[in-house]
Amino acid sequence: MTSFQSTLGEDAGIAEELAESQQSISIAEFFEKNKHMLGFDSGARGLVTAVKEAVDNALDAAEESGILPDIYVEIQEAGDYYRLIVEDNGPGLTKESLPKVFGKLLYGSRFHAREQSRGQQGIGISAAVLYAQLTSGKPAKITSRTQGSEEAEYFELIVDTDNNEPEISVEETTTWDRPHGTRIELEMEANMRARQQLHDYIKHTAVVNPHARLELREPQEHFKFERATDQLPEETEEIRPHPHGVELGTVMKMLAATDSQTVSGFVQEEFTRVGKKTAESIIDEFRDRHYGREMRWRPPASHEAVDLHAAVEDATANKGADATAAFADAVAEAVADADRIAHHELVAAVESAAEAVEDDHGTTFGDTVRENAVEAVWLELIDAVEADDSDESEGDVDSRLVADLYDLADDATSTRKDDAVIDAFADRLAAKFEDELEGGDEDDGNVRHRLTHKRLRDHVDRAADLTEEYDDVSFGETARENVTDAIWDVMATVPDDPPLVRELDGDRDATSNLVDAMRGTDIMAPPTRCLAPISEDLITAGLEKEFDADFYASATRDAGVSGGDPFIVEAGIAYGGDLPAEGTGEVMRFANRVPLVYQRGACATTDVVKSIGWRNYGLDQPGGSGLPNGPVVIMVHVASTNVPFTSESKDAVANVPEIEDEIELAIREAARELKSYLNKRRSMQQRRKKQNVLGKILPEMAEKVAEVTGREEPDIDDAIARIMNNVLVERHTEANGDGTAVSVVVENNSSTNESLEVTDIVSAEPRNLSDGATVVEMDGEWFVKWEPEVSSDDEAALEYEIPDDATFDLDVKGVESEKLTVKQ
Ligand SMILES: Nc1ncnc2c1ncn2[C@@H]1O[C@H](COP(=O)(O)OP(=O)(O)OP(=O)(O)O)[C@@H](O)[C@H]1O
């Protein structure tokens, strides 16, 4: 015992003393001490984070109001400090909300909204104000003008950290030349050591927000990023949570708050994608978990000595012989007609038999008669009655239940299992069902054979353990699981009404069953109108805008669900061109259109990129893992109504398996295109090499052959085209009486069919064109265009005439240059 502990017992007042020093901490005070959590851990980083918070907000606000964003960022040196100015053309803020937005942490419009936005927590910009006031002692200066108002509001304020409320030092109206928008001015201790990250943030923001105009003026450089499209991202809509991703605590809170009385109403009202039918499925799943299922036994076969008719007759007193016989007939028939029957199904069969007989015979069959009939039949069915004529001793293994369970177990286990083993197992399992008659939560035991999946599994385990022990065989995990599932599958969901919402409210176990039931039900993926992916076309456009590469590919996946929130992953790849060939490729990470510039190593995105075998896609990857080398940029965008970041500073995406899987699939989709591009490029390079060699050797050979044979030199181009399986386009001219006949012949020596676009540019007006040709005249030149489809090993000809002689120029498109030979 430490001395401190030893004094504890003696001094009864110590707890009170300690209690006096306890006090609540304001959230602002907390973050004042833990700035790093919000991305303000150093002067260099603080400046980038402040720019990011202000620009993200500006983009969110403008887009939400349907305004094409126009954002100006300026960083000025101000003595020992830096001054950051961010101006936007958004909707502006009202006089009432402005001080809270900038002077109160955890105040925002997005925390409770299930809708994609850059901001999530309502901390960002007020944390920047807090950081500025802590490091420079200066208040934030904010100007804001709302749409349609003549004047702007001007505030100077700080965050009062004692009570997390804005402390306003100046409040006045002013004029501002922007028609609407917000201007933020913050002074802070900072440096420009993170200039690269700042530039990356702005540049990458431009890549994924091609609809935004961005300008950055910093002490040394000035950048302008013009918008590439006037198309705002698709408008998003808020959605309710999806049943597959909500946690128990959330559902408990929702149950306490809902106006719905029934579980069916609750799930339909509070969740997305739940209509009446899905609600029914959820409730069935809930019943299975909450009440368990009832075993459905096989009705007796005709050869079995089970007389249900007699059992009903014996159990029915004072109803007259005819009515009793009709009742017994109806019950026995209903049971015999069923494939299998559970206790509640028997109750329903007896009910309808009783009603039918009541109608026909004018006798009442009250509750007691019905109950007696159910009991008598059920006990026969589950073998709980010792038949008078039975010559089997008590506890005989040849009971109906054993036979039934034998068949189920036999079907569900491997064929290698011995009959005797299955029989012994079925016998022990049947004994467990018999035990239920004494156990269970009813006075007369669990006669109905109502079991939860877990209890069923316990019985299977026990029977399997005993079989292993006494029969010296193995009854493994898979066999146990299969047998449990096979029995569970034949069991029936009970018809009991689920508890009302007010009964569920506060009942942790029952609510947990409901959560499991929601997760266990097939439910359509959430609607994606709450998300605004960039789209494949715009990813490519964004990459083309900022990177001069030879190849671009992009992929947008379908939506998935994680934690009740829908998400979409997109990927893009740029390769070759001016991208640096040395060193590792670049990975650009985005979440809800925001570039992530810090904590690359802690991000699920980077982990996935590293885990991919890039050699399979034609890239160099030393050691077969890690980032690929070479002139490549890989971009990944995770869009979600709630991106799971590793911390409040929103630098890295957490390792959530379903998101990682989608990241991988998106990258692989784009990488497959890269692979076929690189394969093609490689084969083209080899082709070119071969063609170059032929181009050197063949003329020499031709010369020699001509010399030896004394004949004219053969045509080299034709020969190369044929050896290389190229498409050969060749013009022949021949003077005829009226002028010159021109024939452009396409000879397809390749193994594939080709679609070409052939244009012959002629300096004289062509006439008598063959079918399919078009002519356009421009400045004394005639463009004779023709789009032939030429099958492999086939040829086609474009024919026309010109009055006299002329100059020609052939242009051929549609076939890679390496596979084409053009003879003018
Ligand atoms: N430039 C702006 N124009 C209009 N509204 C703004 C602007 N900046 C902030 N807001 C409003 O202020 C709220 C708070 O902004 P803040 O940056 O503190 O949090 P957030 O963006 O919601 O979330 P996060 O903490 O994840 O950044 C926003 O939700 C938005 O409603």
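Every residue gets a Cβ built from N, Cα and C, even glycine.
What TrEMBL lists as ATP binding site is Asn57, Asp88, Ser109, Arg110, Gly119, Gln120, Gln121, Gly122, Ile123, Gly124, Ile125, Ser126, Lys650. Sequence-distant neighbours of Gly119 (ATP binding site) (same chain, six or more apart, CB under 8 Å from its CB) are Asp56, Asn57, Asp60, Gly108, Arg110, listed in sequence order.
Marked as coiled coil by TrEMBL: 660-687. In the predicted model, the coiled coil (660-687) shows an average pLDDT of 94.
According to TrEMBL, the domain 'Histidine kinase/HSP90-like ATPase' annotation covers 42-192.
If one looks beyond the coiled coil (660-687) by at least 6 residues along the same chain, the residues whose Cβ comes under 8 Å of a Cβ in the stretch are 551, 553-557, 560, 567-573, 575, 604-605, 607-609, 611-612, 614, 616-619, 632, 634, 636, 638, 724, 816, 818-819. Under the three-state DSSP scheme, Asn57 (ATP binding site) falls in the helix class.
Considering only the residues assigned to ATP binding, Asn57, Asp88, Ser109, Arg110, Gly119, Gln120, Gln121, Gly122, Ile123, Gly124, Ile125, Ser126, Lys650, the longest pairwise Cα distance works out to 22 Å.
Of the listed binding-site residues Ile123, Ile125, the Cβ environment within 10 Å is emptiest of other Cβ atoms at Ile123. Around the Cβ of Ser109 (ATP binding site), the same chain contributes Gly122, each under 8 angstroms and 6 or more positions distant in sequence.
In the structure shown, the C-beta of Asn57 has more C-beta neighbours within 10 angstroms than that of any other entry among the binding-site residues Asn57, Gln121. Sequence-distant contacts of Lys650 (ATP binding site), defined by Cβ-Cβ distance under 8 angstroms and a gap of at least six in the same chain, are Gly39, Gln120, Ala591, Val594, Leu596, Val643.
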